[in-house]
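Engineer: Supplied in structure tokens, the structure appears directly below.
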Amino acid sequence: MKKNFEVFDFKEEDELAESAAGKLLEKFTNPSPCNSPVLQRQRIQSFCNEKRVEEEEMEGPSCAEPATAVESDDHQCEDDSTLVTEAKESRTILTFGLETTDHLEETDAEHVNQGLMLGLKTEDLAKETDIDHDNHGLMFGLNSEDDIEETDVDHRVESFSCQLGGNSFYAETSSYSQRQLNSPFSDSSSSEEQIDMMSAIDESLSDRSALSEASDSEDDEEDWMTEHCFNDEEKIDLSTAVIMTSEYVILKDMHCAASLVIFSCNGIKIKSFLANNEEVPFSCEFGVEDIVSIQYNWYQNVGLIILRIRVLLKDENCHEDMEELKIAVKEHNWPNKQQKINSLHVKYPAVWNTDLEDDVEVSGYNLNQQKRYFPSFDEPFEDVVYPKGDPDAVSICKRDVELLQPETFVNDTIIDFYINYLKNQIQTEEKHRFHFFNSFFFRKLADLDKDPSSIADGKAAFLRVRKWTRKVDMFGKDYIFVPVNYNLHWSLIVICHPGEVANRTDLDLDDSKKVPCILHMDSIKGSHAGLKNLVQTYLCEEWKERHKETSDDISSRFMNLRFVSLELPQQENSFDCGLFLLHYLELFLAEAPLNFSPFKIYNASNFLYLNWFPPAEASLKRTLIQKLIFELLENRSREVSNEQNQSCESPVAVNDDMGIEVLSERCSPLIDCNGDMTQTQDDQGIEMTLLERSSMRHIQAANDSGMVLRDLFDSGSNNTGSLLEQLQQPFEDPSSFYHLSNDSSAREQVDMETGEQFMCLNAGEGNFQCITETTSPRASNSFSSWNLGIPLVQKEDETDLLSETSNSSNDSIGIIEDNPIENTHEEEIDESPPRETVSLKSATVGSNTADHTTENEEPVSTHIELVVPSSQNDRDEEKPLEHDLEIGDKTSEDVGDDCDQKEPMEEEDEKRAAKRPRLSSPTGEAEEMEK
């Protein structure tokens, strides 16, 4: 069958279209001043002004008044028939060259002697009549994008329908537009109707032109709007108000299209046009006192303002409630408008840009129930380490948190922080299925810091990160997540079931539940092209590293591993790519099946589809991460506060616990209840409070009921260094709280339970450092001590030994027992062991020191205190220590009173001299025995 190609032949009719197209294209070149629309409009005005009559002499309705544009059908038909008859007599035809998507056929020149063409041009082509037929064409450039049906010239059907777009003059009603366009012209000398029509068109054009975007006069616009939207009683003073034309107004469930928005000193008034074909025009008014806040979004490129005004409304019961009034206004010069509005009343600048996150209460009712969370970090910010104790922990500083502000790029610290957070949310039994790389892995893999062009070299890329995965079973994981930061953009790589590549063939993979593949999730699709080869090569090299004998078949499978670029929700701005990465990852962890296959992704669940989630949901992650960091800060503050409270509180007495405190005698033997110490250069001593019961277990007792302190000292070790050597081993026991320091200088430590500070000294050191302060009074700590059970009767050899040691020095050592002699046996069998105090003190202290006796409120419990002083020249370790032993009873006193009263030990001893059983004489008595 022969095809007909005549439709492709070039005809003479096409020449007209080509010529019309050429003329249209000429208008897009440098404009000629003689053909400007302004000059054409001036020609029309001059033509009409010559034959214009006074408006008072006109009869019939005026087309220039839109309020009276809607007339009865009888008058309209009568006017139309009269005008058509006159047009036939004058053989004048009004042709409107209306351009639509189709080309208009040329008007038959034989039937037209004079033609007036009003061309409402758009982007399509219009054919003009041949000027050889002496047609006088007059064109109005009234650029419209809508379609108008052309008049049937042959049958003289004068029916038009016009729908004017946004770029043409405004016409609220179809009747007004139809009345304006359905009026043909007669000859200029035939009748007054032509003059009326031209006058009406001219007035209408001048009125409507003020509302178009090309209008140069703002005052004309306001005059026109106030004239057609308000009656005489509602006229407003333009000098004290700001008027704007809205695209739409929304208040609760009420919607209104074109209307006026008036800001005045009294408030805000909204009124729709009178000709909106509504029974009751939309109107509302709010006083200045009813305005709660005003916020706006200015889209400067299109000149659109979205106003969100929160106002107070009263219901039928006169209860106030807050509603949002949303207004869209087209305004290119918004800053000037805003300045004028603020000058109307002092309330406007006060409520402008009010933070809507603050709760607003009206009559005791919280109007903002759904308060969005935006934490403030104005206070000093302490770095957050998360997760604490993890080798991959992330440290977040204040600068990182500031990047969570709107319209800001998030950095790698925020990305890694939230990935660690998601990783910790996974169940413990499920963690082995996932592996998460941090944001630095891809940077190291692609070597972006040195040579970004090497991103295609997979072998070299693997060698750079080989240590990262040496201890990770990469091919035993179900999912491996790789955050990608490349070319200032974030995306996510998910490697699914990589171990299945070597275990299954391509034929098996189609029917397999686990299909190995690489998923690329990109919020700006196409921006990270070129990652396919890098990831495939890396996996191949990783497999070869773990399997030395790898066949070429398996290598080819890795190199041909499926790389799927998913169609996912896309970001709507240029700075939320990192948030989309995190949201992709979070939703994938929540919805990913145990066995994944890209061939079995169903649209029913929206999983990994374009409608997976709304884009705004990912953008809101800024607030979520801010809240999460703020909660971590609060938890850390509570922990620190609890530690401080525990350090200030007295610990609970436990029978097996003791405190240890090693002090320098250089800081003096005088210690008050607040931990302050007075220094003396001559007298030195050591005060020790035992920590653990196990610390004294190595001490051997002289008999079954007690302990002898001479076992602490060797015959050849009489200095303080050897004493510390004896005590060092029990301190290093794991059960003790602190160990002695091996540093050259003393180190201060704090007991976390009691809050006290301790000084640990090296063994053998004679120069002790003083503790400047203690966090809590030493005497306030009530420790349960070990019942030493010191015997009341001393053996002869022990007495001799003690006498010998007392002769070698002027120092004296006293052991004072709190228990009376008659109650000794009763206390030994008591269930609660008594608390005792052992004092080793220097005789050289004399009256320069005030040794205190500690008393407890409990009658059965006593306190043990060891004071080991040295001689004045204890810096010289070769000088021996001379001790004397004194054993006696004492009663307990309140520690607080002891600190305040500071009674010396000598007065206590004199009062209780009769009650003390002397097992060894004091210093003076020892000297008499020697004599």
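Note that Cβ sites are derived from N, Cα and C of the backbone, with glycine treated the same way.
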Engineer: When Swiss-Prot marks a stretch as region 'Disordered', which of 204-224, 540-560, 729-749, 792-812 is it?
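Structural biologist: Here Swiss-Prot associates region 'Disordered' with the stretch 204-224.
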Engineer: Reduced to three states, what secondary structure does DSSP give Asp522 (active site)?
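Structural biologist: Asp522 (active site) sits in a strand per DSSP.
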Engineer: Are there any residues in the same chain, six or more apart in sequence, whose C-beta is under 8 angstroms from the C-beta of His489 (active site), and if so which?
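Structural biologist: Residues satisfying the criterion: Ile524, Ser527, His528, Cys577.
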Engineer: So, in DSSP terms, is Cys577 (active site) helix, strand, or coil?
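Structural biologist: Assignment for Cys577 (active site) reads helix.
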Engineer: Neighbour count first, Cβ atoms within 10 Å, every protein chain included; then name which of Asp522, Cys577 tops the list of active-site residues.
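Structural biologist: Selected residue: Asp522.
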